[in-house]
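J.: What TrEMBL records for this protein is below:
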{"type": "BINDING", "residues": "PRO95, HIS96, SER97, ARG98, GLY99, LEU100, GLY101, SER102, SER103, ALA104, ALA105", "note": "ATP binding site"}
{"type": "DOMAIN", "residues": "67-152", "note": "domain 'GHMP kinase N-terminal'"}
{"type": "DOMAIN", "residues": "233-287", "note": "domain 'GHMP kinase C-terminal'"}
Amino acid sequence: MTQTLPSGLTATAVVSASSANLGPGFDSLGLALSLYDEIIVETVESGLTVTVEGEGAGQVPLDSSHLVVRAIEAGLRSAGCEAPGLVVRCRNDIPHSRGLGSSAAAVVGGLAAANGLVAQTDSTPLTVEQLVQLSSAFEGHPDNAAAAVLGGAVVTWTEGEGAHARYAAAPVRLHPDIHLFPAIPQQRSSTAETRVLLPEQVSHTDARFNLSRAALLVVALTERPDLLMPATEDVLHQPQRAAAMPASAEYLRVLRGCGVAAVLSGAGPAVIALSSEPELPAEAVEFGAAHGFTIAEMAVGDGVRWSTGVAARS
């Protein structure tokens with residue numbers, strides 16, 4: 001039986017950006033970044049009000065098609081609840097359409113906000129495993145979603161296909177010497193637009209190459225940062241996407257030419273450099289700035305946090 005929530009309940013969720021693939025780990029490896037969106041939701045007697053501050057303001061829908069709203073409603077349904085009306089406030093710092101997991105953050109944040117509402121009833125909030133499953137089902141792949149749920153670095157996998165797909169993730173402890181430098185351009189690109197550039201089939205040789213590099217990358221991320229350069233090589237998706245984002249492709253060439261392990265962040269066009277050095281080479285920084293990239297070191301992001309009431313973002 002579905003429980004109707006009373007009006008006047010409030011909840012807050014804070015969710016991180018994420019970088020997926022990390023080179024060879026296509027749709028499998030993910031990493032949370034210390035850049036966050038905040039969602040505040042309140043139950044009301046009827047209707048829907050959505051406001052957006054920061055990234056996406058004036059660009060995303062403000063009705064029931066908004067991804068955060070869809071996720072909140074899905075989270076409530078999964079917990080056996082419904083809300084007669086909602087007021088949803090989104091405060092966004094994660095850039096949209098750059099390859100930094102903004103859609104995964106919206107979904108994970110919405111589901112977590114629903115948990116904050118459900119926790120104020122006699123129903124049971126979603127577990128971490130359920131959050132990974134539901135958010136990954138929204139996304140169609142678990143790399144960004146699981147990173148946003150769990151925080152840190154993750155290895156993800158999928159069992160089954162379509163409506164029967166089951167998604168799972170295991171955390172990976174990032175080596176403390178690894179520094180993360182996202183480089184964010186003004187250019188936008190959607191995952192859907194760049195996925196069509198990828199071939200339906202790949203050669204056994206290319207598959208073997210990426211399998212070896214993805215396995216090596218887990219070693220590099222956890223124990224051997226000195227192996228980051230060979231471990232971040234990829235032949236399955238980055239070369240194919242290069243023509244759609246030439247500035248990013250050229251910046252990858254410059255960074256790697258300077259000895260920095262750099263990859264597209266997700267489907268791009270953002271780039272992320274992983275280095276055991278505390279600073280990027282001056283040549284790489286100057287090139288990025290001259291070509292419109294905003295570069296800043298970030299820490300590893302935390303897993304999604306939810307609370308009852310309106311909690312100030314730290």
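Note that Cβ sites are derived from N, Cα and C of the backbone, with glycine treated the same way.
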J.: Can you give me the residues near the recorded ATP site, meaning same chain, not PRO95, HIS96, SER97, ARG98, GLY99, LEU100, GLY101, SER102, SER103, ALA104, ALA105 themselves, Cβ no more than 8 Å from the center of the site's Cβ atoms?
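T.: Neighbours within 8 Å of the Cβ centroid, excluding PRO95, HIS96, SER97, ARG98, GLY99, LEU100, GLY101, SER102, SER103, ALA104, ALA105: ALA17, ILE94, GLY266.
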J.: Tally the residues of the domain 'GHMP kinase C-terminal' (233-287) by DSSP class, grouping H, G and I as helix, E and B as strand, and everything else as coil.
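T.: Grouping H, G, I as helix and E, B as strand yields 25 helix, 9 strand, 21 coil.
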J.: Treating G and I as helix alongside H, and B as strand alongside E, what does DSSP give for the domain 'GHMP kinase N-terminal' (67-152) in helix, strand and coil?
T.: 49 helix, 11 strand, 26 coil
J.: Near the Cβ of SER97 (ATP binding site), how many other Cβ atoms are there if near means within 10 Å?
T.: 20
J.: Using other CB atoms within 10 angstroms as the count, which residue among the binding-site residues PRO95, GLY99 scores least?
T.: PRO95
